[in-house]
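Asker: According to Swiss-Prot:
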type    : residues                                                                    : note
TRANSIT : 1-36                                                                        : transit peptide
REGION  : 1-22                                                                        : region 'Disordered'
BINDING : Thr55, Ala56, Glu76, Met125, Ser129, Asn133, Ala134, Thr135, Leu136, Gly582 : FAD binding site
BINDING : Cys392, Arg412, Tyr427, Gln447                                              : hexadecanoate binding site
Amino acid sequence: MMLGPKTVTRGATKGAAPRSMAARRVGGARRLSVRAAAGPAGSEKFDYVLVGGGTASCVLANKLSADGNKKVLVLEAGPTGDAMEVAVPAGITRLFAHPVMDWGMSSLTQKQLVAREIYLARGRMLGGSSGSNATLYHRGSAADYDAWGLEGWSSKDVLDWFVKAECYADGPKPYHGTGGSMNTEQPRYENVLHDEFFKAAAATGLPANPDFNDWSHPQDGFGEFQVSQKKGQRADTYRTYLKPAMARGNLKVVIGARATKVNIEKGSSGARTTGVEYAMQQFGDRFTAELAPGGEVLMCSGAVHTPHLLMLSGVGPAATLKEHGIDVVSDLSGVGQNLQDHPAAVLAARAKPEFEKLSVTSEVYDDKCNIKLGAVAQYLFQRRGPLATTGCDHGAFVRTSSSLSQPDLQMRFVPGCALDPDGVKSYIVFGELKKQGRAWPGGITLQLLAIRAKSKGSIGLKAADPFINPAININYFSDPADLATLVNAVKMARKIAAQEPLKKYLQEETFPGERASSDKDLEEYIRRTVHSGNALVGTAAMGASPAAGAVVSSADLKVFGVEGLRVVDASVLPRIPGGQTGAATVMVAERAAALLRGQATIAPSRQPVAV
């Protein structure tokens, strides 16, 4: 629904002029401009300036603005997350490579991946990637956090922050919370192929796992993945944290505002932030959001943009900064290093003709790709059915070797045959099919993610221009163990697909195809088709000392060498958790907000007893 131009006072500072809120359709998304009438952010000073309006920022904005004496500003480059494609889980098919709500980023050319660039989906809206991800809610395992080896961040330390943040709809349940803002629930879409997949997985020896977030038992097994949804609607942090706080007079949100630099003054007592420079358009004026005395800048731009902006502001490896003519404020070699992700591959099989209609897309579209009114009605009146799913909320966590202490593989099961072995491109190809009036074929897809990959990449500078994307070296398979994991993953997926009762539905394997039979064949297939699981972390890692590559202190998330500057987003995670990273990002933000407000740490009340 389009909104006409109007003036509102939502979020206006008491005594300030009302904000103009003009809505217009841009690239299929409603763009909502929220800003002070006197200028993009006005002339007032802020206690907290949040750079980026993504997953962590929305949490912080809510929690910090709860103190009416603190003025909080959020700067977000993209639009709001109000678009229908964001709210409806099935709208994910329209969000990949979206011209407005995605950053459109790719890695540098990867020689080891047959000279391919890897597309990296990054949400560009209020809510960030929590508004464009698969809505899967996974914390990883207790062992993931214990492996960090950081005081205050063990599994015992973080567990109650996970529970505090959560509002689990199907509770009460052990290891889950019901009083938080982060809505979670069990999937609200069922397909006969889900049960057949479970039976086939059981036939290979996998156990059933009733709750992948219950740390009282191992992560292994097959089952439903809990989702970040509320009654079938996406529950990103924009909806669950930021929107409920928007009426507060001490909170200001500016969209279409791209941060270009953190302003840092160097003095005799050291370096300190004074504010943030930003632009409303690439070649337009630059504005400054100024800090009040004692104020802080909180970097919440994610694992790509946070290190990028730190380097542009003089915080990073001195050699890199000097190469691009940037004055060095704090020589931190770890900025942009330690990039980690979940590399993914696909196994897909086409259904026999009599079972073509079992795919999730066949429940939404007819043979000519016209949307079915029944699916729409089911969603509108029940908030259930194929529109209530991103397609991959059932699956398994598996160990590809008996020597492993915990799963290294996540299988995401999709009732439908992938159109391209690059899982992301399947959605783009589907868009072309829709234009031609052709449907997505029936069958199954198993997206296979190396969830505890060892390879590490980096974020660097291409230029000292904030509007030129950084150099992203994703560096998959720099550790050959990750390639071996995915080779074994394809073999395990084939084993499951060959079991009854799943086997009876399938006609032929389309990807990688039966001709890819040897390990060498599978390695070649994976190098040509591996894609991102969109779980980037680690590029401003927390730790005890910059000498060990840390960028921020694990004690308080402060950037080493700069006063008034902290990082609160997925880039601080020193090692990637074995599951989707949204839950861990919210956990970090909840804890950071409590730290900033001087609130006591929650005393751990649960003891994880298994990995």
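Just so you know, glycine gets a Cβ as well, placed from its N, Cα and C.
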Asker: Roughly how many Å lie between the Cα atoms of Glu76 (FAD binding site) and Cys392 (hexadecanoate binding site), rounded to a whole value?
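Answerer: Cys392 (hexadecanoate binding site) has its Cα 29 Å from the Cα of Glu76 (FAD binding site).
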Asker: Hey, which of the binding-site residues Ala134, Cys392 is the loneliest by Cβ count within 10 Å?
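Answerer: Comparing Cβ neighbours within 10 Å for the binding-site residues Ala134, Cys392, Ala134 has the fewest.
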Asker: What does DSSP call Ala134 (FAD binding site) in the simple three-state scheme?
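Answerer: Assignment for Ala134 (FAD binding site) reads coil.
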Asker: Please identify, among the binding-site residues Cys392, Arg412, Gln447, the one with the smallest Cα-Cα distance to Ser129 (FAD binding site).
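Answerer: Given the candidates Cys392, Arg412, Gln447, the nearest one is Cys392.
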Asker: Going by a 10 angstroms cut-off between Cβ atoms, which of the binding-site residues Thr55, Ser129, Gln447 has the sparsest surroundings?
Answerer: Gln447
Asker: Specify the count of other C-beta atoms within 10 Å of the C-beta of Glu76 (FAD binding site).
Answerer: 31
